[in-house]
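According to TrEMBL, the protein carries these features:
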TRANSMEM  A:12-35  transmembrane segment
DOMAIN    A:19-422  domain 'Oligosaccharyl transferase STT3 N-terminal'
TRANSMEM  A:85-105  transmembrane segment
TRANSMEM  A:117-136  transmembrane segment
TRANSMEM  A:142-160  transmembrane segment
TRANSMEM  A:172-197  transmembrane segment
TRANSMEM  A:203-227  transmembrane segment
TRANSMEM  A:239-264  transmembrane segment
TRANSMEM  A:300-324  transmembrane segment
TRANSMEM  A:365-385  transmembrane segment
TRANSMEM  A:392-409  transmembrane segment
TRANSMEM  A:415-434  transmembrane segment
REGION    A:463-500  region 'Disordered'
COMPBIAS  A:469-500  compositional bias 'Basic and acidic residues'
TRANSMEM  A:512-536  transmembrane segment
DOMAIN    A:581-640  domain 'STT3/PglB/AglB core'
COMPBIAS  A:752-764  compositional bias 'Basic residues'
REGION    A:752-783  region 'Disordered'
COMPBIAS  A:771-783  compositional bias 'Basic and acidic residues'
Amino acid sequence: MAEMENAKGSTLRYACGNVLSFFILILIGVLAFSIRLFSVIKYESVIHEFDPYFNYRVTQFLTKNGIYDFWNWFDDRTWYPLGRVIGGTVYPGLTLTAGSLWWLLNSLNIPLSVETVCVFTAPIFSAYAAWATYLLTKEVKGTGAGLTAAVLLAMVPSYISRSVAGSYDNEAVAIFALIFTFYLYIKTLNTGSLFYATLNALAYFYMVCSWGGYTFIINLIPMHVLLCIVTGRYSSRLYIAYAPLVVLGTLLAALVPVVGFNAVMTSEHFASFLVFIILHVVALVYYIKGILSPKMFKVAVTLVVAVGVVVCCAMMAVLVALVASSPTKGWSGRSLSLLDPTYASKYIPIIASVSEHQPPTWPSYFMDINVLAFLVPAGIISCFLPLSDASSFVVLYIVTSVYFSGVMVRLMLVLAPAACIMSGIALSEAFSVFTRSIKFQMPKLLDDSDPVPGDIASANSVVQSNQAKVEKHSAVDKSEGTLKERPQKKSKKKEKEPLEKASIKSQIEKKLLVLPLESSVLAILLLVLLGAFYVVHCVWAAAEAYSAPSIVLTSHNHDGLHVFDDFREAYAWLSHNTEVDDKVASWWDYGYQTTAMANRTVIVDNNTWNNTHIATVGTAMSSPEKAAWEIFNSLDVKYVLVVFGGLVGYPSDDINKFLWMVRIGGGVFPHIKEPDYLRDGQYRIDSQATPTMLNCLMYKLSYYRFVETDGKGFDRVRRTEIGKKYFKLSHFEEVFTTHHWMVRIYKLKPPKNRIRGKTKKSKSSPKTSASKKDDRVKKNPWR
Amino acid sequence: MAKTTAKDAQDLFRALRSAYAATPTKLKIIDLYVVFAIFTALIQVVYMGIVGSFPFNSFLSGVLSCVGTAVLAVCLRIQVNKDNKEFKDLPPERAFADFVLCNVVLHLVIMNFLG
């Protein structure tokens, strides 16, 4: 009778727990969405940075022209005169997601513009990512850990930095796809259901569509399978989890045009095939072991080993020879730079020049994952007690992502979910130990010696009571009664998974893991304080550090907020004052923004797929005026755009990026030698600068008429006066400079009509007297 | 030495055959299907070796469809096998339904990729 009441009470508690979890998850979703809205509130609903502008332009094209045109789109407005095959070189996941979202909303008569949908895609998917983290951690450790991990992920600054409202980049949906794929893999591993294996393959397909980082998944999962095999955890569920994923996943990956046949031909995927073969061998071995007697099995082993080793060695030798014959051993440049951090700086200066690809500094770990940095080791330990397939996977995930985040700052993003999962596990376990101790000692404190029947909350304790003595019975009651927790400050709800094994173990554990009452209370308070610090830091990071749209800059003067909107001013000028077919040359950083906002053809853009083309532009920027004019004229360029921060102190301008122009240009055109521009090993623009530097196009275009601003030509970024102050441009004319001199646009002067005799020019800006006598033969800049 | 090895090999084959004969008929049918699928894949590989791999996507989708159904059939066999402790409360109809679903997805992808 009492047992039935207890059972009813426990189902009621389970129901309450489920409803509470549901509401907590909704709140977590709202939190994840709203913490990313700071940039919309502080600035405006605008797309940030550089790459998102390209994605925005592609999405515009998709919504306007439909999916077939998008799939076959050849873009002739970038990389002039080469063009770019958009359909085959872009990861379509993000644009298709946003496009279908827009289409769905419009068909429901909610007329949101494409820009609004693009800006808010990232926060929506971060809410989904938090829910996916909950599901994943629930599979590993339980509901309490799941909720904690979800809350941590909703706020972790590293993820916020790449998914703030307006940051319309691949990672916005890719992180959700990553976590969701891992969740489905773990779910398949735990349940052995082929249905989840199918879903796993489909989620992996979504991940391949979204981001180049899918190679992380297709290498991590085989590593984990290998780990399970090696540690003796092979089971048929492992086979069901992995084998269909490889076959279906490879096929689905080959369906995406960007990946295509790389799915079977590049080294990034070979690990999965190798482990596929190994898994089949192991499965066969286990099967034969199952049907043979032990003696015969030994015979089989000796026979097979003798023959098989020879065959295997032969095959491996052939394979290794095949792979080693290609110069990069079949790996792509980006993957090699991940495995060997020094590779890029030696061989591929373009990859080395991107600031996101530099190794992170130690403070950036604390800035990006804050408190989680020292909760992670606790989580790792907690994963080992007890070790299951799922928890070994999470440990492997965190170890590999820590290594990769040490190589590139950009990959801190992959570390964030792993850190949140580990910290969620650690915090949840810690809280459960402390509250268990308090629960255990509360009745003693209140002088209540009878075991309260209402505390028998799980069916297990009924089983327990048959095995335990009376005193132990009361102890187990108290400890198993943790189903009804006091609501904590962050309103976490814990449910002990009613496993017999866990209860038996906890029976033994209770004797050791009951801490004194005061220290438990203090520890809980301190942990809550830790959480409070984390929340404060995350909100600060989201508001101050990661919400800058970088297309609009602000500064605080004594008379309030000053807004620098120079970039959009320049692009608007370009789109209104130039012909539609005019070509604009600039450094590759601004290519995407120019095509998206100014709608003009550019020479190079952020895709950086053609190193020689970028080197051409770099050479032109580093050459004297005449040679640069020749190069630009051969590319049909009409306008040149430079970014200059010397007047206002904007540090990311083209003069600071000049060293990369020289290096990349010098890498392809040997007449550009870096030492020509260096004085004492430094790039200088003051009076000590080398003559090559003072004559190069970048210097002239940046500092033309700069001395008129303050009379002395003081560059606020380099903090010196410039070297050459008074000079005129012979081959270019200035057509536009923005309000704060941040973007300067120049036009190529057409060659003179007549070279001999008096030539009357009706140009507005003064020209030098040096005439071009030798342009009867245009010098070939390519030699 | 060789004699004992040969004798051992013979004993091994006999033991394997007798043990395998004890498996239920349902599982033997699935095994036959797996062997057939692998055999088809091998024929396709040999054909590619002779004729060349020009429409590579067709070759890939053909081979992977055979390998895929083989793998899925092995999964089905694992789940339907009564000796398997982990799946004793999984109804075989559910296993077969999952098998069919996964095959449908696989073949949709194959037909898309066949070109």
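Cβ from N, Cα, C; glycine included.
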Over the span of the domain 'STT3/PglB/AglB core' (A:581-640), count residues by DSSP class, listing helix, strand and coil in order.
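The breakdown for the domain 'STT3/PglB/AglB core' (A:581-640) reads 33 helix, 10 strand, 17 coil.
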Return yes if the transmembrane segment (A:365-385) and the transmembrane segment (A:239-264) have at least 3 CB pairs under 8 Å (sequence gap of 6 or more), otherwise no.
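No, the stretches stay apart by this measure.
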Same chain, outside the transmembrane segment (A:239-264) by at least 6, Cβ under 8 Å from its Cβ: which residues?
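Sequence-distant neighbours of the transmembrane segment (A:239-264): 71, 87-92, 185, 188-189, 192-194, 197-198, 200-202, 204-205, 208-209, 214, 218, 221-222, 225, 272-273, 275-276, 279-280, 283.
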Take a look at A:172-197, A:203-227, A:392-409, A:415-434 and tell me which one has the most Cβ pairs under 8 Å to the transmembrane segment (A:142-160).
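If we count Cβ pairs closer than 8 Å to the transmembrane segment (A:142-160), A:415-434 scores highest.
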Give me the mean pLDDT over the domain 'STT3/PglB/AglB core' (A:581-640), rounded to a whole number.
90
May I ask for the residues of the chain that lie six or more residues beyond the transmembrane segment (A:512-536) and have a Cβ under 8 Å from a Cβ within it?
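For the transmembrane segment (A:512-536), the sequence-distant neighbours (Cβ-Cβ under 8 Å, at least 6 residues beyond its ends) are 152, 155, 370-372, 427, 430-431, 433-438, 440-442, 445, 488-490.
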